[in-house]
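Here the structure comes first, spelled out in structure tokens, and everything after it is commentary.
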Amino acid sequence: MSRGDMAKPLLGHRSMEGDPSLTPASGRTIGVLGSGDFARSLAIRLVCSGFKVVVGSRNPKRKASLFPSAAEVTFQAEAVKKTDVIFVAVFREHYSTLCDLADVLAGKILVDVSNNTEINHHKESNAEYLASLFPACTVVKGFNVVSAWTLQSGARDGNKQVLICSNNQEAKRTVAEIAQVMGFTPVDMGCMSSACEIENIPLRLLPAWRIPIFLALGLFLCFFTYNLIRQVIHPYIREQKNKLYKIPIEVVNTTLPCVSYVMLSLVYLPGVLAACSQLYYGTKYRRFPDWLDQWLQHRKQIGLLSFFCAALHAVYSLCLPMRRSHRYLLIETAVKQAVEKKMTIWVEEEVWRMEIYISVGIIALGLLSLLAITSLPSIANSLNWREFSFVQSTLGFIALVISTLHTLTYGWSRAFDENQYKFYLPPTYTLTLLVPCTVIIAKVIFTLPCIQHRLLRIRRGWEKGRYVKFVLPSATGEFSSGETSSNV
């Protein structure tokens, strides 16, 4: 395979950063059609990058004060005549107002920076529509994923990538040079047919977080309802006690660690299922089911939501003594102790249980914080693969084990107390132990030498039932070829 073939992108687009074929473009004159917020930010960034900027406006005298003094603000026709590269910073519905400039725009490079108000609002992309209005021009889609704030504050404070697509390679190269001089990273997204995909990107609201958020909300509602029945409804029915005051803090605080604990185990459960699949089929080349593949891709978001719930749990726990109800209960306990003339209510076992419970919880939260920090791109990029894998895999599994100890010390011996089974429902923490313990047991089994060796061979390319060729010496001393199964 040639060097050029190896450099081809796997996903159909490539970063153009550091491309030696891109030559410095600073010093050239760039045109901007429009006088809105984005046009002003774009003009400021171009001027700061060393470009000469000519802004085309229908009311240049009124708009001139909005732009930097180094930029020339003039009528649209005059601005178009002074440059070959023009940023069209107007809305799609105003493209028709530029039709009078069709003759002057002929042969120019038009950079469409517009976005739609909703995904797939039109049958064709804005860039394709602009190209149909001006067939004598070369249209390039770009800079639409960069906000006006990023343009003003600089590429170091926002998204650095500028997605570019066009049917003309030279035009793309010219726009890429401009983006690179401005401090951005141009990414070649291919031909103009990619414009629709590029225009949809700024309109998507956390697409990778949708499934994890729904999963977290579903778990929260389930555990919240379960805890509500045990902590509020049960005493109201059985003892006629009104404990609705527990809902805002105590019930929520009981629910949050359950969600965090289960979500953390769901980060490592798909890896266990994937390993089981590879061991069962004896190959790593068999495609996982779509649901498992999606699950594996969302592990980062699930882990961050687990950390978020754990952090909220820590804050809620610190706030428990601040409640008025807690103060009343302390006073009531003190009064009862005085009436009964008890000198102390110290229980050694309970003291040790709470000390261990809190200490282990702090360690678990610290490890979750480390996992969350290393998930940030700026931190992850500074780690090599072994370091990143050690933190996310090894320390993550240790965090799961310590979280399990945190849960067990909370339960202690109360799991065997029949008074804890309200409405014959087991304590909440016993339910949360099911999935994490399954993951921990499976991980321990995978560390057995016989299973670990087989799994390692599979992940290195070995396949069950695959035949490999070998050479055997014949009776005459000559070599003859044969084949055997690789799993023999």
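Using the three backbone atoms N, Cα and C, a Cβ is placed for every residue, glycine included.
Over in TrEMBL, the protein carries these features:
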DOMAIN    29-116  domain 'Pyrroline-5-carboxylate reductase catalytic N-terminal'
DOMAIN    259-401  domain 'Ferric oxidoreductase'
REGION    1-23  region 'Disordered'
TRANSMEM  211-229  transmembrane segment
TRANSMEM  261-281  transmembrane segment
TRANSMEM  302-323  transmembrane segment
TRANSMEM  356-376  transmembrane segment
TRANSMEM  388-409  transmembrane segment
TRANSMEM  429-451  transmembrane segment
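Of the ranges 211-229, 261-281, 356-376, 388-409, 429-451, the one with the most Cβ pairs under 8 Å to the transmembrane segment (302-323) is 356-376. Same-chain neighbours of the transmembrane segment (429-451): 226, 257-258, 261-262, 264-266, 268-269, 272, 275-276, 279, 397, 400-401, 403-404, 407-408, 410-411, 415, counting only residues six or more beyond its ends whose CB sits under 8 Å from a CB of the stretch.
Mean model confidence of the domain 'Ferric oxidoreductase' (259-401) amounts to 92 (pLDDT, 0 to 100 scale). Proximity of distant same-chain residues to the transmembrane segment (261-281), defined by a Cβ-Cβ separation under 8 Å and at least 6 residues beyond the stretch ends, is recorded for 215-216, 219, 288, 292, 295-296, 299, 302-303, 305-306, 309, 368, 396-397, 399-400, 403, 407, 432, 435-436, 438-439, 442-443, 446, 451, 454-455, 458-459, 464. Taken through DSSP, the domain 'Ferric oxidoreductase' (259-401) splits into 119 helix, 0 strand, 24 coil.
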